[in-house]
């Protein structure tokens, strides 16, 4: 009787601990367990969202008008300036891999953000100083400018996969209420990012063009300083996840161990596979993962054979010969995530059209609206505005309504949300194709087919395709960020976020490849092709429909993968 009472008392104490402390392994800056009611949640995220908004305002304040600085101030030729901008932008999407590896392996998200933000600020300061130097640009000024520019690429890329994931870490994954709030955090993080992008596009570009580049680069530098201050203010209430060591090494260990045991028979009982006892995990700061029956060949890495015991001889077992189930499941998770990740590349290829072919289409439409002349590139503002309008509607209205019918925490599952966005991206291209069909019809009626002139059709007809693009991002872009965070292994969240960002870069390369391929295949034999210099002679509508068809096939592949996807479960 006394023993039973002691057991009940211990269980009550454990339950009280679970209520007071986080259950996902988060700690304070000193590595100690932390109280839920004093740390994390929205009280910490306000500082992180402020950091994200200021940082994006700084980044886009440089990126949006960079080509103008290179041509006007550094006197580069158009083609050289365009190539340099594209190279820099590509670098900005590859450096997140470096930041992710540093964060997941060694420093953790907080100190990685601190280190790369410092480099970011130094780079912006160098750009400002370079722009303030009077007189003609010299070689030393150009070298200083590009050194600063690539420091910005390193700093911006280094913090990209860390800031959002660090914000999501502020919500306890084992608490259903906080887990629901975390899903809302991803919506508002995207909202703040786009606020920064919108302000930089409207205000900073105007300042750079009319008040000089010293001030135009100085303001982003100031805002990056504010971003760093905002981030450090919240240090005392943040929740931290311990870095788990190199994910690349762990992946290699599973592959090597499973290959070494390729002749070994798998046990029928999965509980016989190797795993550490109790709640402790081989991977520091990571929870254990349940065994899954997929990709069973990899399970051989966790099969215990006599040589493992002999080689161990009382010492820790060699992870290049024997891995835990959690290590094996980490690699399985990455393999399962890969097809979902790959389907987002086509989605980003659609998004690239708003920065390229939509603008080309707008240039041959009537840009005069009463007494105003609308620059074709300015319509991309509707992309951002539609996202800013729809994020609150989605979070505060649509989710509660859909939840009543589905019973899901967030209304839609993350994969359902992504699928809706992929469908809307098809409608984006169909809308653009319909506008182009009508434009070409008017060109034929007015016998302007062979002329390089505007068609008397208002550029405002492009607004629906931009709004659909922004709406699709609310579903797929934000849903992808949440999905990759939720499904990534605990000690690989930054790395998975970096690969999620990489799909955006690959979408740009895919768009460029399709453009080159279509131009080559349709302009042979003296034909003008689908996308000639005189768009009235071409068939840009067919190019848009081609991408819509590719997106439709991509959606079918996504649905097939999503229906077979196995969500991760922790022990």
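Glycine residues also receive a Cβ, built from the backbone N, Cα and C atoms like all the rest.
Any TrEMBL annotation is an automated prediction that lacks curation.
Here is what TrEMBL records for this protein:
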{"type": "TRANSMEM", "residues": "110-133", "note": "transmembrane segment"}
{"type": "TRANSMEM", "residues": "145-168", "note": "transmembrane segment"}
{"type": "TRANSMEM", "residues": "188-207", "note": "transmembrane segment"}
{"type": "TRANSMEM", "residues": "214-238", "note": "transmembrane segment"}
{"type": "TRANSMEM", "residues": "338-359", "note": "transmembrane segment"}
{"type": "TRANSMEM", "residues": "371-394", "note": "transmembrane segment"}
{"type": "TRANSMEM", "residues": "414-435", "note": "transmembrane segment"}
{"type": "TRANSMEM", "residues": "494-520", "note": "transmembrane segment"}
{"type": "TRANSMEM", "residues": "543-563", "note": "transmembrane segment"}
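Using a cut-off of 8 Å between Cβ atoms, the transmembrane segment (543-563) and the transmembrane segment (145-168) share fewer than three residue pairs, counting only pairs 6 or more apart in sequence. Using the rule of three or more Cβ pairs under 8 Å, pairs at least 6 apart in sequence, the transmembrane segment (338-359) is not in contact with the transmembrane segment (188-207). With a threshold of 8 Å between CB atoms, the same-chain residues lying at least 6 positions outside the transmembrane segment (110-133) that come near it are 29, 55, 58, 62, 69, 73, 99, 102-103, 141, 144-145, 147-159, 162-163, 166, 212-214, 216-218, 220-221, 224-225, 227-228, 231-232, 235, 238, 240, 494. In terms of C-beta pairs under 8 Å, the stretch of 188-207, 371-394, 494-520 lying closest in packing to the transmembrane segment (145-168) is 494-520. Within the chain carrying the transmembrane segment (188-207), a Cβ under 8 angstroms from the stretch's Cβ atoms is held by residues 49-50, 52-61, 64-65, 164, 167, 215-216, 219-220, 381, 384-385, 387-388, 391-392, 395, 473-474, 477-478, 481, all 6 or more beyond its ends.
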